[in-house]
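Visitor: Once you've had a glance at the structure underneath, I'll fire off some questions.
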Amino acid sequence: MGRGWGLLVGLLGVVWLLRSGQGEEQQQETAAQRCFCQVSGYLDDCTCDVETIDKFNNYRLFPRLQKLLESDYFRYYKVNLRKPCPFWNDINQCGRRDCAVKPCHSDEVPDGIKSASYKYSKEANLLEECEQAERLGAVDESLSEETQKAVLQWTKHDDSSDSFCEVDDIQSPDAEYVDLLLNPERYTGYKGPDAWRIWSVIYEENCFKPQTIQRPLASGQGKHKENTFYSWLEGLCVEKRAFYRLISGLHASINVHLSARYLLQDNWLEKKWGHNVTEFQQRFDGVLTEGEGPRRLKNLYFLYLIELRALSKVLPFFERPDFQLFTGNKVQDVENKELLLEILHEVKSFPLHFDENSFFAGDKNEAHKLKEDFRLHFRNISRIMDCVGCFKCRLWGKLQTQGLGTALKILFSEKLIANMPESGPSYEFQLTRQEIVSLFNAFGRISTSVRELENFRHLLQNVH
C-alpha cells in the first residue's frame, strides 16, 4: 500500500511539474513584447497614438521621402568636422575605419549647389535676370545691387538670435561637402567613456535638470531614483518636459539606426551590415533597461510629431513660385520640387498633428524668458556635437541637431511665415540651403527609425 501511494504521489508530481512548465512557457514574454508592449496607444502631451503614426509613416510618407533624399539637392551637405571642442580638450578620436568620413571631391558636387547656400531662388541665383553669369561659380561678381542687399539681410538673419543652433561657417577652408548616401549613419564601434560623456553632458547640463535628480540607469541608482526622476519630470512645465523628450527621442532614433545597420560580418571578402536584435534589446528591452527602453521609443514618436508639425507649417515657404531646389539640372529641379510639395501636402493631411500652441502660452515675460532658455539650451547641445570623437557620428549628430533646430525655428516663426510675400525675397523668415537639407534629412532619419521599429517587431516575435 505504501509503495502504491508513493507511486501515485510521484506521478502526480510529474504531472504538476509538466503543467507548471507549460504554464511558465505560455506566460513567458517574447522580446517583442518586452520592447514594444508599452509603445502603443496615445502619447503623453499629445492627442495622437502610435498606431496612427506607424500607418501614416510606413505606407504613405516613408517611400516618397527616401526618393527625395536620394536627389542631388539633399544628398550633399557641407560641414566642418574639424572644429575644436569648445568644452574640453582630451577628445579621443576614434581610429576605426568605420568612424571616418569620406568628403566629396570638388567635381563630384553639382555646380548649382557649390555656388552658395542662400542661392536657391530665381532672385538669388539670377537665372533669368543675370545674363552675365556664365558660370554659377562666379555668381558673386554678377549680383545686382538689390540682390546684394537681400543677401546681406539674409546673412544677418542667419546670424540672428532666432537661431537654435551653432551653425558651421560653410565658407571656412575646413568646411567640406559630404555625400550623405556614401556616408550613411550606422554602427561604427564608437562607444565607451567618451560616448557616454557626450550624452551625459547633454542630459545633465542642458535638459533643465538639477544635479540632485538622478537619471534612471545613469549611475545604477535603482527603482527609487527612477520614480524620483519621473515625478520631477511630470512636475515640469510642458515646454521643459517636451525639451527632455525631444533629446531622448533623438538619442533613441540614433540607437535604432545603430542597431538596424550593424556590422555583422567583416572580413577580406565583404562587409555585411544588418539588424542586430541583441543590440536592439540591450538598448530598448523593458526588462534589460529597467523600463527605460519603451519610454525612449515613445519619446522617438514624440520627436516625430514635432518635426512632422514643423514640415506642415513651413509648406507656404516652399510653395512660393520663386523657390527652387536648385542644382543646375532644370528637369530634375522641377521634378524634385513637385515631389517635395507632394510630400508636404501629404504631411499637412496628417489628422492628428501636435498642437504647439500650448508652448509658451502663459505670461508674456515668462514665456519670452522660457523660450530664450529653450533656445540657448538647444544651441549649446549643437555645440557639444563638435566634441564627438567619431567623425561619422559627429557628421550625423551635427546634421540632426541642425535639422531639429530648424524645425523648432519654424514652429516659433508661424506669424513670420504667414506674412511672407508670395514672391521675391522674404526678409523676416528665411531658410538657408543648409537648413533645408538638414531639416529633411533629420526627419528622414526619424522616419526611417519608425519604419525600422516595424522590422524589429517582426524579428523579435519569436525571441524570448
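In case you wondered, yes, glycine gets a Cβ from its N, Cα and C as well.
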Visitor: Among W196, W199, which is the one Swiss-Prot gives for the FAD site where R186, T188, S248, H251, R283, R296 also bind?
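Guide: That FAD site, as Swiss-Prot gives it, pairs R186, T188, S248, H251, R283, R296 with W199.
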Visitor: Can you tell which of C85, C94, C99 Swiss-Prot lists as bonded to C387 through a disulfide?
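Guide: Partner cysteine, according to Swiss-Prot: C85.
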Visitor: How many Å lie between the Cα of C237 (disulfide bond) and the Cα of R296 (FAD binding site)?
Guide: 20
Visitor: Count the Cβ atoms, other than its own, that fall within 10 Å of the Cβ of C85 (disulfide bond), considering every protein chain shown.
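Guide: 16, counting other Cβ atoms within 10 Å of C85 (disulfide bond).
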Visitor: Specify the count of other C-beta atoms within 10 Å of the C-beta of R186 (FAD binding site).
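Guide: Counting Cβ neighbours of R186 (FAD binding site) within 10 Å gives 16.
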Visitor: Given the recorded positions S106, T188, S248, and counting only Cβ atoms in the protein chains shown, which has the most within 10 Å of its Cβ?
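Guide: Sorting the candidates by Cβ neighbours within 10 Å, the top entry is S248.
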Visitor: Widest Cα span across the FAD binders R186, T188, W199, S248, H251, R283, R296, in Å?
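Guide: In whole numbers, the farthest two Cα atoms are 22 Å apart.
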Visitor: Given the disulfide-bonded residues C46, C48, and counting only Cβ atoms in the protein chains shown, which has the most within 10 Å of its Cβ?
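Guide: Neighbour-count leader: C48.
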